[in-house]
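The following features are taken from TrEMBL:
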{"type": "BINDING", "residues": "His172, His236, His307, His516", "note": "Fe cation binding site"}
Amino acid sequence: MEQIFGENGSETPEPVKAQVTGELPPWLRGSLLRNGPGLFSVGESQYNHWFDGLSLIHSFTFSGGEVTYRSKFLKSDTYKRNIKADRIVVSEFGTMIYPDPCKNIFSRVFTHLSNVIPDFTDNNLINIIRYGQDYYASSEVNYINQINPETLETVGRVNYRDHIALNLATAHPHYDSEGNTYNMGTALMSFGRPKYVIFKVPGDASDEQSGKPALRKVEQIASIPFRSTLFPSYYHSFGMTENYIVFVEQPFKLDIVKLATAYFRGVNWGSCLKFDKDDITLFHVVNKHTGKAVSTRFYADALVVFHHINAYESDGHVVFDLISYEDSKLYEMFYMKNLKRDVGSFLEENRSSCIPDVLRFVLPLAADKEAPRGQNLVALEGETATAVMKEDGSVYCQPDFLFKGLELPGINYNFNAKKYRYFYASKMELSAHPSKIAKFDVVSRTLLEWHQENCFASEPVFVASPGAVEEDDGVILSSVISPDPNISPFMLVLDAKTFTEIARASIDANVHMDLHGLFIPAV
């Protein structure tokens, strides 16, 4: 697995035509952009964690039954500084970097002082997101880097803090049918009272003439105070319905004091995240039109969530599905020292921690404060998740278990914020990287799988057929790589209904393992 996880990727800056077998749908036109770590060492220095690797963006462009491939490193300030120095000089989440001892004393003192409140890396390696008509490489910090989605050139860095008071922001925004983008971020100590912030960027925010970023038109919708001032919740994504934002304030927390002192204590920022198994999980439901939060205090047992699947409203209830872990050990698995040992052994030792559950929660929005204590307030037919009124007027939620072992979920995004039936995901087994992708039916609780021996498939991305009415009328795209030199990397195309292969496009180039991405339809 070291070849898959620890090997430096390389750029393919000019388009390479793929060899297509099978038949691509003639309507499939556009580009799938994917992002992930691609450079794990610079000079003699190496990163400690797989999520620290320098961003390598690649694209698969579909047109006229053909596929072309290209890839480029994100030319972030972090990338340029590291390459110029021929060593890693910018700290990442799992790798803390200290000044060169050859520097003079004044330079070293300045570097130490500047790390009291860390200025995070702009190595945006997690996802490709859209604000207005601008596309950005994104991670979870205050910087994003605008890219040209056709050439993959880096246009320039944007700082959220120039437009809205945030230190952190998710790489998983939501988009509505009008092209508006909704996202969430965290404002730490330097912006007054610490809080979570919900914001919106209008779909028409881009201005090609002036070159000004779409974020200049950002609108703050609401803020939510931290439950504990010095221990904000970590969150990777959130849910959205037609009218509400669903935020899970989980007991997987960032210790602010440890963060501020990490540099001086000789530890990385990742060590400042802690899971409190004895705490509760709070569910915040905020009206995205008015900014007002639903007053009922909904809570559940401790859990860790990275990815939401979908959320929707039904007869006075909010239903939301997510991928849940019982603790935070998954992050530990991706330290390079663990990836270079027998990953199967690590997973076997931590099976219950690293194999997630697919859960459904149901929140009754009009919870009657006078309802009998101990009564289940969920009144949706066919739903077995419960929401029980407690003595203090809060509502204790227990989920419906849907399935075990699915991650990196995606849906037909035309059904985002609506009642839906299918999602597509990676099948998690005793491997650090999934070799199977799957289609899950949330109604029948059944699964269809795709698998090829010794191959590793990226998260499946659904692309709808033009004018499609049925939810699963379309194709699934997944980038597939293999440590076997006899198997070329390929773009897999499945019929979303049957989950059977209709085409693949083999690529004569280095293709790296990625994390997330976005399909951009051809205009």
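Cβ atoms are placed via backbone N, Cα and C, with glycine included.
Curation plays no part in TrEMBL annotations; they are all automatic predictions.
Annotated features, which come from TrEMBL, shown on the structure.
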residue : record                 : Cβ neighbours (10 Å)
His172  : Fe cation binding site : 20
His236  : Fe cation binding site : 17
His307  : Fe cation binding site : 20
His516  : Fe cation binding site : 22
TODO: Give the sequence-ordered set of same-chain residues, not counting His172, His236, His307, His516, with Cβ within 8 Å of the centre of the Cβ atoms defining the Fe cation site.
DONE: Ile126, Asn127, Thr170, Ala171, Ser237, Phe306, His308
